Structure formats: C-alpha cells, structure tokens
Amino acid sequence: MVVSNHHLIAQGIKRAFKTDDGTELVALSDFDFEVKQGEVVALIGPSGCGKSTFLRLVAGLDTPQSGELTYNGSPITGPDPNRGFVFQQANLYPWLTVEKNVAFGLKANGTYKENRHRVQEMIDLMGLAGFEKSYPHQISGGMAARVAIAQTLVMDPDVLLLDEPLSALDAFTRAVIQDEILAMCVKFKPIVLLVTHDIEEAVYLADRVVVLSPRPGTKVAEIPVDLPHPRDRISSEFIAKRHEILDALRFE
Amino acid sequence: MMSTESVFGKVNFIEAKDALKLLAALAAIAVAIGFDALVPTVYPEGYVERYYPIFLRILFAAYLALSVLSVWFPGIRRRVVRYWGLLIALVALLSLYTYQTTKTGNLLLPVMPSPDAIIAAVFEDGAKVWKNFSASFTLLLEGVACGFVAGMIYGTLMGYSRFFNYWLQPIIKVIGPVPSTAWMAIAMVLAPSSHIASVFLVALTTWFPLSVNLSGGIRGVRKVYIERAQIMGASPLHIILHVIYPAVLPNIFTGLFMGLCFSMTSLVGAETLGVQAGLGWVINYAQGWNEFDLIFSTIIIFILMAFVLLTILFKCQKHLMKWSKGAIQW
C-alpha cells in the first residue's frame, strides 16, 4: 500500500457571490475541513449550502475570498489534472466518440502516447467495452456517467471530486455505478470528495459524512461511518447511520 | 419490399404509388414536347426555336434513364421519385411561359425573352459566358477565402477575449452593417488595383456574418466543456482548437452560409462598378444593349453557381457534424 501522504486542508474558507441586486450571497463561511489519502468523504446538505462551491474551490476553478486551502502543503491556485472533477451532468464532448472522450485529457496534456493503454483499461473498468466508437447521443445516461468517470480516472488523479455525478440516474444504475466507484477506490486509493443529496449514497460510499447547513454554508456535523464494506443497505446499523445524518440535517 | 431475380439481377419492385409518380412526370414532359411541337411559333415573325425543344428532349431522356435505373438502385429511386412534383411544375411553367412568348407574343421582346432565347444566349456566346463566369467564380472564391480567414481570427478574438471584445466589437458594429457596395468608391481609390478592391469587398461581406456568428457561438459554449478541459490540463490553444471550435461548428457554418449569400451581392456590385469582367459586368453590359435574354441566362448561371457552392458547404457540414443528432437540411 502507498504511504498516506496526500492530504487536503481547508481552514476558515469563505466564498460569497454578488447577486444582481448588489447584495452578497455567502455560499461558504468559516469552513474547516481535512482529508487524507484513501479517505472517501461525503458532503451533504440542502441546496445553497456551498457544497458544490467547496468542490470547485478544491478543483481550482474558483478562489476563496478568505481562508486557506492547501493540497500537500501548498495553496491551490488553479486546475490540475491531479485533482479530477466529475460534473453533475456527464456533459461529454458530443463531437467525440466514447473512446476519444476518455482519451481527451491525455491528449490535452500531451501524455497520450505513453498512456494510451490506460484508455482501454478505464473503458474496461467502467464497463464500457463495445461502446468505444459510439457518440454520446447514442448511449444511455448511465453509460455517459461512466464515461465521465473514466475520463477523469484516466488522468490517474490523487484527488477525485464527484459533484453529484449519479443524481440524474435511475436507482438501479446508480447502485451499480456506486459499486464501481468503491472498487475503483480500493484499487487506486485516491482522496474522494463526494457531493450528494442522497443520504443513502453518502452512507454507502463514505468513510465520513460532513453535514452542511445553508446560507451561510457552514459545517454543522461530521459523522464517521465505520461500517465494513460491502455495506448492507438494509442492515440496522446502516439505517441507524441514515437516521443520525437525517437528524443532523434538521436545522432550524 | 418484394424482390426477385431476373436477367438483370436483383429487382426491387417499385411500389405502384412511386411508379405512377415517375410516369406522371414523364408524361408531363412528353406533353410539353408535344405542345411545343404542335403549337406554331409566331413571335417574333420567322423565329425558329432551336434549343428549347432539345432541352425538353434531354430532360425527358435523363428522367427516363434515371427512372429505369431506379428499378435496381433504391438510392436513385428515392431522389427521382422525390422530384416528380417539382419537375411537373417546372415543365408546366416553362410551357406556359413559352406559350406567352413565342407562341402568342403576349409578352413582348426584348424585356421578356422566351426560354429558347435564354438558353440560346448561353450557347451562342459560350466563350464569353465561360470567361465571365470563371472571372466571377475566382473573385468569389478569393474573397470568401480571405473573409473566412479574417472572420475566424476576428470572431475568435472577439468571442474568447474580453480585451479584444472591447476593442473589436465597435469596429464590427460600425463597418459590418454598411452595404459593401457603399464602400466601393473608396475601396477602388485606396486599393492598388480594382481586382484587389473587389476581393476586399467580397471578403468584407463574408467576414461580417462569420465574425458575429462565431463570437456569439464562442460566448455561448457551455462553461463546463471548458472547465473540464482546464481540469484535465488543456492549454488555452488546445481548448480553442479541440473544444471551442467543434462546439461552435454550427455557428461557423451559419456564418459561412450567410457570408456566401451576401458575398454574391457584393460580387455583382463590385463587377458592375469596378472590374470590367464577370457575371455582374455581363448583366450591366447586357442591360445597356437591351439584351435581356443574356441577363436571364446570366441569372441562371448565378443560380447554378450558388446552388453548387451551397451544396458543397452543406455537404461539408454534414460530414463534419456527423456526431450531431439533428443534421441540417439543404
């Protein structure tokens, strides 16, 4: 096993947005957070609690107004293939085939030649074999979500940021892809930050669940989930965890 | 669909409905030929039709040949059957127009020449027509090519960079909407030759719609496409070439389509006022000599040129955008 040295630390993060009428909308305030390699952390909370904002900050797509956000000790200043991001909707490039979508990042940073075998590896891992030459409009939503994950994994990221990647899928497909994500975590041991609305998904995948409250978005609870994998969704311990999180989400 | 083996190989029987359409179109052409042959030509006195009867016979032979071929080739059949109605309408219009001109003299020369005279103008002055057509075609291609390059660069800068948008937007707003013919006099004086001035004016009319469409398209590209590429480590140039351009291909083609259409207008303008050659010049010249048959035939050549160019453009679009669900029809 790799030595657990990758770590991400957030301290006192604040991010506010100007609305059209000039008022300030505080999306995230006084947010402290820490995660180390191999950990899967779910961020859960109602809309407007800043969970997606935080993910964009970690990705380097946005910068905080105050507070410190460091990865392995150095501040995050911009996007990096090492911190992969899977967006809410798959949003694949419609003009590229599945295979070329997966290969996009390698071609973009010029490492396609030495890593081309990884493309097929990821296609196989995510169960996309046989659809390499299909265009995005020809595949299902579940397939598209898999391609989006494969597209990110092919870059071999140390941090995987998942912004509700499965929210648009049906329950069955979601359960299947959740297991694929778990298998991938065991294999690559990345830091995983998962933003979700789905309490069951959070308990099923995460080692730790961070509960956020809205306006201003801030952390209200951190609940460890120490159940062994594979987790039984209808066991009493699992359901007890779901209750615990649901209780934490009932803020005034 | 039923099929069977015959001496010719595999025959797909044409559905009765389609066969009737083919026969109706052929019958219509045959009627037009008969009409033209049986009704005497009286206007102008002593006039003998030479080209129009041949044209109708060629049309009949071609449609007959395609109809026969369509028995074996479903691809040909689809197209041949599709145009049956339009063909009947065309033949009916030509017959009516012939009736009003050579057969009765209801429409007077020289303003309303008969179909026969229009076709004759193309063939009897073949060398002149060809020379002027190729002059126009060259000018158009040169102008559109320059306008394309300029429009791509201008539109990209304006759509991608706020800085360039601030400085370039006013220029296009001021210069773009002015009809290119209005610049003619100035361009003729400033440019080293009238040919360069004409190329410039044609380029101007391609540049304008292409830049506007392209920059608008670029600003509308989904942010997530670009952010995802950034996260995967793509450079700005890589993003422009491999994310933005594919995403705005529809806008590029719309801009080119509009540019090509406008360019033909400025082409005629440039040729009427500036260079002493080309289809626009022919029209101007023919007007001076009351040769309206030459004007009509030049317009027909224009239509054919536009049709061929636009068809090529849309074929390119169809090929480049085969990933897209809804293909644009032309």
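Cβ atoms here come from the backbone N, Cα and C positions, even for glycine.
Features reported for this protein in TrEMBL:
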TRANSMEM  B:20-39  transmembrane segment
TRANSMEM  B:51-73  transmembrane segment
TRANSMEM  B:80-99  transmembrane segment
TRANSMEM  B:133-154  transmembrane segment
DOMAIN    B:133-313  domain 'ABC transmembrane type-1'
TRANSMEM  B:166-190  transmembrane segment
TRANSMEM  B:196-218  transmembrane segment
TRANSMEM  B:239-265  transmembrane segment
TRANSMEM  B:294-314  transmembrane segment
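Here the transmembrane segment (B:166-190) has Cβ contacts under 8 Å with residues 154, 157-158, 197, 200-202, 204-205, 208, 211-212, 262, 265-266, 269-270, 273-274 of the same chain, all six or more residues outside its ends. By the Cβ criterion (under 8 Å, sequence separation of 6 or more), the transmembrane segment (B:20-39) is in contact with the transmembrane segment (B:80-99), since 3+ such pairs are found. With Cβ pairs under 8 Å as the measure, the transmembrane segment (B:196-218) is packed most heavily against B:133-154, out of B:51-73, B:133-154, B:239-265, B:294-314. Residues 18, 21-22, 24-25, 28-29, 31-32, 35-36, 39, 52, 56, 59, 63, 66-67, 70, 107, 114-116 of the same chain lie 6+ residues outside the transmembrane segment (B:80-99) yet bring a C-beta within less than 8 angstroms of a C-beta in it.
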